[in-house]
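Okay, so here's the structure we're looking at.
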Amino acid sequence: MASNQPNNGEQDEQLAKQTSKLSMSAKAPTFTPKAAPFIPSFQRPGFVPVNNIAGGYPYAQYTGQGQNSNSPHPTKSYQQYYQKPTGNTVDEDKSRVPDFSKKKSFVPPKPAIPKGKVLSLGGNTSAPKSTKPISISLGGTKAPTTTKPAAPAAQSKTETPAPKVTSESTKKETAAPPPQETPTKSADAELAKTPSAPAAALKKAAEAAEPATVTEDATDLQNEVDQELLKDMYGKEHVNIVFIGHVDAGKSTLGGNILFLTGMVDKRTMEKIEREAKEAGKESWYLSWALDSTSEEREKGKTVEVGRAYFETEHRRFSLLDAPGHKGYVTNMINGASQADIGVLVISARRGEFEAGFERGGQTREHAVLARTQGINHLVVVINKMDEPSVQWSEERYKECVDKLSMFLRRVAGYNSKTDVKYMPVSAYTGQNVKDRVDSSVCPWYQGPSLLEYLDSMTHLERKVNAPFIMPIASKYKDLGTILEGKIEAGSIKKNSNVLVMPINQTLEVTAIYDEADEEISSSICGDQVRLRVRGDDSDVQTGYVLTSTKNPVHATTRFIAQIAILELPSILTTGYSCVMHIHTAVEEVSFAKLLHKLDKTNRKSKKPPMFATKGMKIIAELETQTPVCMERFEDYQYMGRFTLRDQGTTVAVGKVVKILD
């Protein structure tokens, strides 16, 4: 009996007929027997992309495959590949087929107007300040931005974009087609007269667009840097002061009391020092022990080395240098004075002590002269010990001391009594008129400021911040490396920078900078008292050498011409005379090679060279040293061009460098 069920071939034909009558909607299930696996059209070989104005993928792609898009398949489904389609997305209602007939006819978008070319000079890629675009014509006259070029007749009516200009790195530009209308003249069009505009024309065009020139920017930046450098780490100006004067005038006592009154030495430490001084039988010296720290200085009551301390006022920071007042330590005093900006000349008003220090043999005169020759142009004269029973804040005694000092400082030392010198009475031991003004009941005749009040309100000092770096070496010692100490006379220094040691031409690297408070800092400027840790071959570096800029080193010479004023001389001075020269921190033996001229009171030179020189004369001479010494002309750098001559413990002359011969 034959089976009524159709065979496999007949079933396929029936299913095919049914399938052909199905509508192909968004969810219409389709099936083609023995069809190939589903492969999206864009993955088939030879696929050519066609712009789909409706966005997304066209639905007709499934009809050719004969597969249900929702059926499982080895390849990934359409939803997995296109979960976040780009461009226009299909409506979320998948059952609705998009009606493309309602879409407007597609019109290609107009090409965007080319943006103005921005020329970047000096690596600055930031946008120009002006919002007006800059157009540079490279093929003759420039087309105006408001006129559109006419399209060629062979092309469609759609607007043709302007030709593109290649980047500046290729250095090749395509000339723009000439416009039909006559353009307006501009500075940019006049600059571009050749097919390839020169670099100079491009640079001028960019400068015309930006009003601020490179030179102005550099000047403003330099001014900002200078202002930042002049602001110290605490926002206060740094000043170096040195206490000078005859032995036992009260320099160390005054310095110790300043440290206590400014809080640099706390009360507990001061009580400990006072207790130690009382046990040693020197109770009245306890304030000076804050600076005189060595056993020799405390035992003898005399300062030997230059004491160093640091204190602050409201507007300034101070490095205090306590110079020895004994005659045998004048060399140390010169070393301290060479690093100071302001000198404090301490005078004892006690009967007999003032006369001993000011008359012949005392150090008051010599210290005042040395301070002037070492570049201390402002002197504060402190009349100390006004509380002594022999004085008792006497106005008569105060004026007596001031009158004698003012005459000497004006005639011999060269200070102007009205502008360069300030006098004030104090009591270093009791602290009266040191920080706070003396009470009117104690001293009714003095109405001026106290010592610290005056130092804090002085006019600002001149600093050569922009000059090449110069720092004479005041001391050298080992502390986890080599430490070089001194005062920066010009310029500035930064950590990890290189410096040149003159006169030996040795390069060193600055690995660390420490200020007067022993704190490490990244940079320092002129006027600061610093310690530099250096790296390199420093075996030959010694005190008196100069750290300087590697690009602009100081001069080092063995022969120079100087103008000299003779102060004290036991005999006559002739050719071949030798003595010791103190210049900045260097100490070197020098000899007179030639006596060139004698100067009269008006500084007029004599026609014939003098045979000899005596006390009170001014001469011009040629001097020689055995080894090179760092120096500069006095008119160029005063602190590197002035010197002092000493012989047998006496200051015989002072001078300034006029000309460097080598």
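Just so you know, glycine gets a Cβ as well, placed from its N, Cα and C.
The annotation region 'Disordered' is assigned in Swiss-Prot to 1-220.
Sequence annotations record features per position, and here Swiss-Prot assigns compositional bias 'Low complexity' to 26-40 (among others).
As annotated by Swiss-Prot, compositional bias 'Polar residues' applies to 62-89 (among others).
Swiss-Prot lists 91-102 with the feature compositional bias 'Basic and acidic residues'.
For 122-134 (among others), the entry in Swiss-Prot reads compositional bias 'Polar residues'.
If you look up Swiss-Prot, you'll see 141-158 (among others) marked as compositional bias 'Low complexity'.
According to Swiss-Prot, the feature phosphothreonine maps to Thr182.
What Swiss-Prot records for 192-213 (among others) is compositional bias 'Low complexity'.
Look at Swiss-Prot and you will find 236-464 tagged as domain 'tr-type G'.
The feature region 'G2' is assigned by Swiss-Prot to 301-305, with sequence analysis given as support.
For the region 'G4' (384-387), the model's average pLDDT works out to 92. Residues annotated as region 'G4' in Swiss-Prot: 384-387.
Secondary structure from DSSP puts Ser539 (phosphoserine) in coil. For Ser539, the entry in Swiss-Prot reads phosphoserine, with the evidence type experimental evidence.
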Over all shown protein chains, what is the count of other CB atoms within 10 A of the CB belonging to Ser539 (phosphoserine)?
8
Tally of residues which DSSP labels helix, strand or coil - the region 'G4' (384-387)
0 helix, 1 strand, 3 coil
